[in-house]
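Quick look at what TrEMBL lists:
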- 28-91: domain 'Malate synthase N-terminal' (DOMAIN)
- 182-432: domain 'Malate synthase TIM barrel' (DOMAIN)
- ARG186: active site, proton acceptor (ACT_SITE)
- 438-560: domain 'Malate synthase C-terminal' (DOMAIN)
- ASP472: active site, proton donor (ACT_SITE)
Amino acid sequence: MVSFETFLQPNLSVPKKSSGMMGYDVPEGVDIRGRYDPEFYKILTRDALQFVADLQREFRNHIKYAMECRKEAKVRYNNGGLPGFDPATKYIRDGEWVCAPVPQAVADRRVEITGPVARKMVINALNSGAKIFMADFEDALSPSWENLMRGHVNLRDAVNGTITFHDQARNKVYKLNDQIAKLFVRPRGWHLPEAHIFIDGEPVTGCLVDFGLYFFHNYANFRKTQGQGFGPFFYLPKMEHSREARIWNNVFERAEKWAGIEKGSIRATVLIETLPAVFQMNEILYELRDHSVGLNCGRWDYIFSYVKTFQAHPDRLLPDRVLVGMGQHFMRSYSDLLIHTCHKRGVHAMGGMAAQIPIRDDPAANEVALELVRKDKLREVMAGHDGTWAAHPGLIPACMEVFTNNMSNAPNQIHSMKRQDASVLVEEDLLQRPRGVRTMEGLRLNTRVGIQYLAAWLTGAGSVPLYNLMEDAATAEISRVQNWQWLKYGVELDGDGLGVKVTMGLFGRVVEEEMARIEREVGKEKFKKGMYKEACKLFTRQCTAPVLDDFLTLDAYNNIVVHQPIGFSRL
Ligand SMILES: CC(=O)SCCNC(=O)CCNC(=O)[C@H](O)C(C)(C)COP(=O)(O)OP(=O)(O)OC[C@H]1O[C@@H](n2cnc3c(N)ncnc32)[C@H](O)[C@@H]1OP(=O)(O)O
Ligand SMILES: O=CC(=O)O
Ligand SMILES: [Mg+2]
């Protein structure tokens, strides 16, 4: 029987090219519901789709199980439990194993630029002078069908070396320099579906599409031109447990076998950006020991995860977002233990992202921002990190200088900075409550940043400059969950000295006033044309939900799914 939903969302995939109709040539059980485009057709080939479908079929139950385990862990934390080291895997933490040697091609990772997979950004990032470019399908990308598919076209052309871009307005042509950064690709997290591709009647797992299509089209060229026989290289986000790393390891082995390349060719750096994962760093490296090139301090998602993990612990509320920096004991402990763990296992310990970006129209403010970045990078290199992230090409020289001047001409500090002192860090260090005050301005800033970020995301921009800082999905999550937490527990804004409590009434007024401020700041015309009202509705709903949503972007995703020829999918 044909369901009403099917009637609303016609399945447009045309299985046979020979039918003469325009459509994708899909293998059995695969259904493309995204727009047809001749360029996308070259990415969504029958063989590439078969490769993705095989991955989905082999791993979907493992992924579902891992997501169920996340839910179980959440129930434990919500019942008062704390994350901690697992006694069952003590033998891994205490063992004397190391990861496979780091390939020469990625030994030096002093500065890595990150950015979405938009065409001009890809060229600029590869030309930026950074050692690595992390091309992002995750925090920095709004995963619309257009963004994703164009992203794959862009990466294919980048790996081929043929990528160009003509900026018509400025009559400027972009192309690759002779010397370019090495490419890493960050697929989405395990939790996100890709609703434009169905396999056996279900939306496929988003990260298997991101990984699968990129690997399928690029592994051979990449290994020849960039990886010196290794690769492709990946960043893996938002994992909570080593069982999730084991799935990635199995995906890599499956892909290597399919391609007929040696086990250990693919390499990946895992972001430690959830609180539960900090207790699993050895275990994660162990699972990926043939494929690892280190761990990275994904500080923004980590802060988000601290709130999420402790959503039912009113004794662990965050102070203002701007006060939760790397100087907080729990954050410093996380970075120190990550460095110790990585270097003990012979791989890179990467630093994270300072949110400052260049401020073009105010040289004094620009210098202050640059100084903050330098300070953050100095802390990282002195602590023992082997490299760091930059959000903008304008920050690369400063970051490079700090790392180069403090690493004694070596490509990394893996063997020189063991940080044995960090081996004594215990659970209390990693969970210590952040210190600081809560203010009305903190509540206001969360609200206007959260709404403006979502408004951009809904119109296709996954990373944006707001108030001279880089904002992306991870930083916006902090704004959302912090508002939710303050509302849920009716916290007192103790930094203002007025004893004001956060209530629904207060929040409602703040939302109205901040919307008015946004309108003044962006101008009436842009405000009317933009998605600010929709963003406000979504953000407000999430901040006031009785039960905290796991991810801002899961809910928001329903608004950017466009099935052909019309209509929206609701998952
Ligand atoms: C928490 C995390 O996950 S962090 C990692 C994910 N987040 C990111 O990757 C954010 C990356 N950064 C960005 O997206 C951008 O820098 C933004 C949105 C913050 C600011 O971008 P813009 O407003 O375009 O910056 P601005 O106007 O100063 O850009 C100047 C030039 O630098 C380029 N540029 C800026 N950032 C980048 C970047 N990350 N990569 C490549 N090029 C960049 C712009 O394309 C522009 O190029 P052009 O002069 O040829 O036109
Ligand atoms: O992905 C990085 C983060 O800080 O989050
Ligand atoms: Mg992140």
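Placement of Cβ uses the backbone N, Cα and C atoms for every residue, glycine included.
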Q: Specify the secondary structure state of the residue listed as 'active site, proton donor' as given by DSSP, simplified to three classes.
A: coil
Q. What same-chain residues, at least 6 away in sequence, bring their CB to under 8 Å of the CB of the residue listed as 'active site, proton acceptor'?
A. THR114, MET134, ALA135, ASP136, PHE137, GLU138, ASP139, PHE234, TYR235, LEU236, PRO237
**Q.** Tally of residues which DSSP labels helix, strand or coil - the domain 'Malate synthase C-terminal' (438-560)
**A.** 79 helix, 8 strand, 36 coil
Q | Residues in the domain 'Malate synthase N-terminal' (28-91) grouped by DSSP into helix, strand and remaining coil | A | 44 helix, 3 strand, 17 coil
Q) Can you tell me the three-state DSSP label for ARG186 (active site, proton acceptor)? A) strand
Q | Same-chain residues at least 6 apart in sequence whose Cβ lies under 8 Å from ASP472 (active site, proton donor) | A | ASP139, ALA140, TRP300, TYR453, GLY462, SER463, VAL464
